[in-house]
Amino acid sequence: MKTLLLTLVVVTIVCLDLGYTRTCFITPDVKSKPCPPGQEVCYTKTWCDGFCGIRGKRVDLGCAATCPTPKKTGIDIICCSTDDCNTFPLRPRGRLSSIKDHP
């Protein structure tokens with residue numbers, strides 16, 4: 001009887017995966033951190049501001065309970081649901097200009 005009870009406890013712990021928390025990259029640190037309870041979705045939100053042409057899109061990384069919906073046009077949100085799946089997006093390399101480009 002004790003063996004059966006112990007087996008049931010072990011199976012329950014394995015099946016429930018007690019204490020698991022999703023980890024996502026979080027800005028501004030861009031470090032992997034555990035998400036708060038109930039937030040199992042990682043997101044990457046990008047948008048342009050007044051300096052987009054100079055420094056590229058702004059980026060916000062974080063956790064959410066569900067995939068956020070953009071509140072304005074021009075905001076892109078990508079969601080995923082595995083640990084640390086919301087890496088910082090790569091920016092295309094800009095071309096350095098020279099004095100010859102500006103007569």
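Please read every residue number as a count from 1 along the shown chain.
A Cβ is built for glycine as well, from the same backbone N, Cα and C atoms used for every other residue.
Listed in Swiss-Prot:
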SIGNAL    1-21  signal peptide
DISULFID  Cys24-Cys42  disulfide bond
DISULFID  Cys35-Cys63  disulfide bond
DISULFID  Cys48-Cys52  disulfide bond
DISULFID  Cys67-Cys79  disulfide bond
DISULFID  Cys80-Cys85  disulfide bond
Check the disulfide-bonded residues Cys24, Cys63, Cys85 for other C-beta atoms within 10 angstroms of each C-beta and report the one with the most.
-> Cys24
Ten-angstrom check, please: count other Cβ atoms within 10 Å of the Cβ of Cys80 (disulfide bond), all chains counted.
-> 15
Which of the disulfide-bonded residues listed here (Cys35, Cys48, Cys52) have a Cα atom within 10 Å of the Cα of Cys80 (disulfide bond)?
-> none
Cα-proximity to Cys85 (disulfide bond), 10 Å cut-off, over disulfide-bonded residues Cys24, Cys42, Cys63, Cys67 | Cys24, Cys42
Neighbouring disulfide-bonded residues, C-alpha within 10 angstroms of Cys35 (disulfide bond) - of Cys48, Cys52, Cys67, Cys79 = none
Translate the DSSP assignment of Cys67 (disulfide bond) into the three-state scheme.
-> coil
Could you state the CA-to-CA distance between Cys48 (disulfide bond) and Cys79 (disulfide bond) to the nearest Å?
-> 19
From Cys52, Cys67, Cys79, the disulfide-bonded residues whose CA lies within 10 Å of that of Cys24 (disulfide bond) = none
So, in DSSP terms, is Cys48 (disulfide bond) helix, strand, or coil?
-> coil
Subset of disulfide-bonded residues (Cys42, Cys52, Cys63) lying within 10 A of Cys79 (disulfide bond), CA to CA, in sequence order = Cys42, Cys63
Using Cα positions only, nearest of the disulfide-bonded residues to Cys42 (disulfide bond) (Cys52, Cys63, Cys67) = Cys63
